[in-house]
Amino acid sequence: MGRARRFQWPLLLLWAAAAGPGTGQEVQTENVTVAEGGVAEITCRLHQYDGSIVVIQNPARQTLFFNGTRALKDERFQLEEFSPRRVRIRLSDARLEDEGGYFCQLYTEDTHHQIATLTVLVAPENPVVEVREQAVEGGEVELSCLVPRSRPAAVLRWYRDRKELKGVSSGQENGKVWSVASTVRFRVDRKDDGGIVICEAQNQALPSGHSKQTQYVLDVQYSPTARIHASQAVVREGDTLVLTCAVTGNPRPNQIRWNRGNESLPERAEAVGETLTLPGLVSADNGTYTCEAANKHGHARALYVLVVYDPGAVVEAQTSVPYAIVGGILALLVFLIICVLVGMVWCSVRQKGSYLTHEASGLDEQGEAREAFLNGGDGHKRKEEFFI
């Protein structure tokens, strides 16, 4: 009897040790990642919950909810679910200062707690693109792209004409966020004026496949060009002619000058900006007219030779010159085609003649052989006598 009492307490302790872990309450959490300004859900999963006190605290150890009752007056935190299986809270408009570990505490005979780590990412805003100095044709342009806030550090890329450009990037950490910059250099010409260069920023805070872009329109300065267009190709006495000086340049020339060689313009002429109007033309108006334009990068000059014909004169318009060129090209093509056809016919005739010659030669040899076979060697002798 005494021996039985001796083993009673050890058996009870062994049963408690085996049964305790299997019947105890537990709490589990999961880490959460959210973009700045987004919505995060923090969940505490309960196992074998028996109605004990559940407390949720923020990273500063301030109590947010006590058994489903709000304890901190921050309306961004809302209790979404409180059940024997889980406690779920919702955080809207997430901020960097909300980042950290959120405590899920279960108060029983032994306090249990787990930490859910909230990570807040910062998506980049549209990059800021600037040019270091004014671009001029024949030189280089340097562009810079800046993203002042991002987390993690944004990756910057340059694109031009759907091709990626190689830039040089640098970053600086400011507290929890990064400031990232990138520069790119390339040569430019006047044809690049108005072209588009894109700076693109990406990081994990943006949805997959999304990016923030800024388009920069190139401003390339270059010297002017000038060309005169006439309102008609052939002018006669009494006609009105309008000459237009088509000017390009960056910056665009703001003044155009009209001249007529070493002579002054006719008194009837009206020069207004890019146009020169010559009404009531006479032969005395003949001459070389010029328009000139300039900017800080150079100047341009265009010429137009005016010939005024009599009213009854028969002349060919200047626009007929392109047709003459086209006609000459067509004539040359026809000549080449004829040459090719003649060559093909000549080769065909020559090949056929060679075939007939060989065929006739073969017939002679066969006839001679047949005659020799029939007459024995007489044929050979007769040939000798014939030749003698």
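Heads up, the Cβ atoms here are built off N, Cα and C, so glycines get one too.
Summarising the annotation, Swiss-Prot assigns signal peptide to 1-20.
The annotation N-linked glycosylation site is assigned in Swiss-Prot to ASN31 (among others) on the grounds of sequence analysis. Close to ASN31 (N-linked glycosylation site) in the fold, though at least 6 residues off in sequence, lie ALA116, THR117, LEU118, THR119, each with a CB less than 8 Å from its CB.
The disulfide bond annotation in Swiss-Prot covers CYS44-CYS104 (among others) and rests on sequence analysis. The DSSP secondary structure for CYS104 (disulfide bond) is strand.
According to DSSP, ASN67 (N-linked glycosylation site) is assigned to coil rather than to any helix or strand. Sequence-distant contacts of ASN67 (N-linked glycosylation site), defined by Cβ-Cβ distance under 8 angstroms and a gap of at least six in the same chain, are ILE53, VAL54, VAL55, PHE82. The feature N-linked glycosylation site is assigned by Swiss-Prot to ASN67 (among others), with sequence analysis given as support.
Summarising the annotation, Swiss-Prot assigns domain 'Ig-like C2-type 1' to 124-219. Restricting the average to the domain 'Ig-like C2-type 1' (124-219) gives a pLDDT of 97.
The secondary structure of CYS145 (disulfide bond), as reduced to three states from DSSP, is extended strand. Here Swiss-Prot flags CYS145-CYS199 (among others) as disulfide bond.
Per Swiss-Prot, domain 'Ig-like C2-type 2' is recorded for 224-307.
Residues or ranges marked as disulfide bond by Swiss-Prot on the basis of sequence analysis: CYS245-CYS291 (among others). Reduced to three states, the DSSP call for CYS245 (disulfide bond) is strand.
The Cβ of ASN286 (N-linked glycosylation site) lies under 8 Å from the Cβ of LEU306, VAL307, VAL308, each of these being in the same chain and 6 or more residues away along the sequence. The secondary structure of ASN286 (N-linked glycosylation site), as reduced to three states from DSSP, is coil rather than helix or strand. Residues or ranges marked as N-linked glycosylation site by Swiss-Prot on the basis of sequence analysis: ASN286 (among others).
Among the features that Swiss-Prot reports, topological domain 'Cytoplasmic' is placed at 346-388, with the record citing sequence analysis.
Look at Swiss-Prot and you will find SER361 tagged as phosphoserine, backed by a large-scale study or a structure entry.
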Checklist outcome for this item: Here the Cα-Cα span from CYS104 (disulfide bond) to CYS291 (disulfide bond), rounded to a whole number of angstrom, reaches 84
Checklist outcome for this item: In all the protein chains shown, the tally of other Cβ atoms within 10 Å of the Cβ of CYS245 (disulfide bond) is 26
Checklist entry - Cβ distance under 8 Å to CYS199 (disulfide bond), same chain, sequence separation 6 or more: which residues? => result PRO127, VAL129, LEU143, CYS145, LEU156, ARG157, TRP158, SER182, GLN213, THR214, TYR216
Item to check | Pairwise CA distance, CYS44 (disulfide bond) versus CYS245 (disulfide bond), rounded so that it is a whole Å | outcome: 79
Next on the checklist: Within its own chain, what residues at least 6 apart in sequence put their Cβ under 8 Å from the Cβ of CYS291 (disulfide bond), listed in sequence order?
Outcome noted: ALA226, ILE228, LEU243, CYS245, VAL247, ILE256, ARG257, TRP258, ASN259, GLU274, LEU276, ARG301, ALA302
